[in-house]
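**Q** Before anything else, here's the structure in question.
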Amino acid sequence: MAAKGSTTLPLYQRYVNGVPVPQGRKTLRLREKYIILLVFMTFTIVCLCAFMFLPNMQDKVSYDIRKKIDEAGGDLFIPRQRNAPDGSPLEMHIDDDLHKSGRLSNSNNNDLLKNKIETWQKEKVMSEISKILKPEDVKAIKEGLVSDKQLFLEQKKEEERKRKAQLDEEAKKVKKDHEGHPGARGGEPTDPQIKAKRDKVKEMMSHAWHGYEKYGWGANEHRPISLKSHSGSIFGAGELGATIVDAIDTLYIMELDEEFKKARDWVALNLNFDMPADLSVFETNIRFVGGFLSAYALTGDQMFKQKAKIITDKLLPAFNTPTGIPYAVVNLKTGSSRNYGWASGGCSILSELGSLHLEFDYLSAITNDNTYKDKVLKIRDFMKNIEKPEGFYPNYIHPVSGKWCQVHVSMGALGDSFYEYLLKEWLISNKEDAQARQMYDDAMKTVYEKLLVKSKSGLTYFAEYKSGRLEHKMDHLACFTAGMVALGAEGSDNKEKYVSIGADLANTCHESYIRTATGLGPESFRFEGETEAKAIRQNEKYYILRPEVVEGWFYMWRLTKDIKYRDWAWEMVQALEKFCRAEGGFTGIKDVYQVPPQLDDVQQSFFLAETLKYLYLIFSEDSLLPLDKWVFNTEAHPLPVKGVNPASAQ
């Protein structure tokens, strides 16, 4: 309908480009012909360009389609002929929708087509079967198929279970290189009172162990108050069972046989080092390698030797430095190594690089592989020949440049076991390693001259040296020196002198214990003004179940037979029972001068490896782990003396 107000055009008129034209005209005007010709030429040019410049997809499409068809085989468009149960051929039709949608020519939907055909085939077969069989028969067949599948899966699971059980049983079998060696067990005291004290220590070990077994099994440590595993240890959150490995020789020595067997089987079946964990080379060596080697020396069980080799091989990438001095941390999975950023600008730590020799040397002996021994000998040679500032071995050295990082010297943290291992390398060699003994004597000569101090009241202690001045502080860690100095008296130029110094140091460390409210010593104690053998700073007042004080008393007892060392050890047992015992084991305390103390809720693995072991030994006869046949590493794991102990393999 025309718009309002418009008029209707005459019938003879029409419009050409908006101009009315009479209907009777039969020809076009010249301008109109030009326009038509121009449109035609434009269309022709566009078509020619399209033909010449657009890519030719014919070959590619044809090739892709042919390839898909070849892969699908003859079943792509015409599935294989299938017969019904009576032998007659089944009719087969391809879904018309596929033809209509063009999917047969689309290679991206080839899988859809196959699934469609397979589904149709299954439905068709089931349809034909249902015509012959009753519904209940079809249902029974379906259920039977499902049942057969489940039975097959269960059989596979059962086969896997049996295979794993066989492997586990094989791992549980103990294959021995020897049957154990002198003084590995026994040492029961004849004095009933001393025996009762030793039995009490054994009960403490049982309590600590079973608490871990119940609340932290497989973890590195556990929390005896909150009754859960502790993942904040130096070994991270990975379940490496540090407490199990650290405590296993203590369990054996104390004749806790059921506990030992469970620990041994866990190591054999569950301990796996193939994980992306960053571990301290030092701590892994003294706890894991030392723990395995000690268990091997005590029992002859080949499994412990194998585990020691596996974990030590994981540490070796850390030794790939120009000096041979290892980095502090290594990743078990990748082998990448680094030093701690806080350690004087990424330097290596003296106590860590120096506390490898006992374990690596013994591992080479029992495996007939000098790889490990060569590593530690290279470190020793480098340390022997390097220039010592003022005769000292400072606490930090760079593993690449071989330069000392700062002149800080301590017989406690960062330095301690470097000196200990020099002496013990001489002892474990049956006193034949003259180089180790000479290095020990030279190092300690400077320490005695410059760090050994007497307080105003006559207490003897080792101060620390920092860039030309003394800091009158002694760590709990440094209390091990009481035993080391006394042990070093044999073979020195003045035996009585050094036994006397050991006794003085043991007494000073005892004073640090009895001057607290709990009867347990602080992490560090100072000698400043009127203050002697007491912690001043809050961050030095904690006690984390450390063994170094009782370690010194143990050696002094063995060397002097002075009954006061057993008395002091018993006082320590009572203090531990009163302030550190918890439902799930034993805990450290945050302030030894406060009663009741705050508890830190961590049972350290070294409490079972060292503290309780030394307490047990101090109440045992000397026939248990005699010092002429065994040498303790810095984690209290006994290793055999060469030549006199058959476990040394020499």
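Each residue's number is its place along the chain shown, starting with 1.
Every residue gets a Cβ built from N, Cα and C, even glycine.
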**Q** Tell me, from C479, C580, which cysteine TrEMBL puts in a disulphide with C509.
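**A** TrEMBL says the disulfide from C509 goes to C479.
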**Q** Between the Cα atoms of C509 (disulfide bond) and E548 (active site), find the distance and write it as a whole number of Å.
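**A** Distance between the two Cα atoms comes out at 9 Å.
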**Q** Enumerate same-chain residues with a sequence separation of six or more from C479 (disulfide bond) and a Cβ-Cβ distance below 8 A; give 'none' if the list is empty.
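**A** Listed in sequence order, they are L505, A506, C509, S512, G521, E548, V549, E551, G552.
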**Q** Count, for each of the active-site residues E523, E548, the other C-beta atoms lying within 10 angstroms of its own C-beta, and report the residue with the smallest count.
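**A** It is E523 that, of the active-site residues E523, E548, has the fewest other Cβ atoms within 10 Å.
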**Q** With a 10 Å radius around each C-beta, find which of these recorded positions (E283, D416, C509, T634) has the fewest other C-beta atoms nearby.
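**A** It is E283 that, of the recorded positions E283, D416, C509, T634, has the fewest other Cβ atoms within 10 Å.
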**Q** About how far apart, in whole Å, are the alpha carbons (Cα) of T634 (Ca(2+) binding site) and D416 (active site)?
**A** 9
**Q** According to DSSP, how is the region 'Disordered' (157-194) divided among helix, strand and coil residues?
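**A** Each residue of the region 'Disordered' (157-194) counted once, the result is 19 helix, 1 strand, 18 coil.
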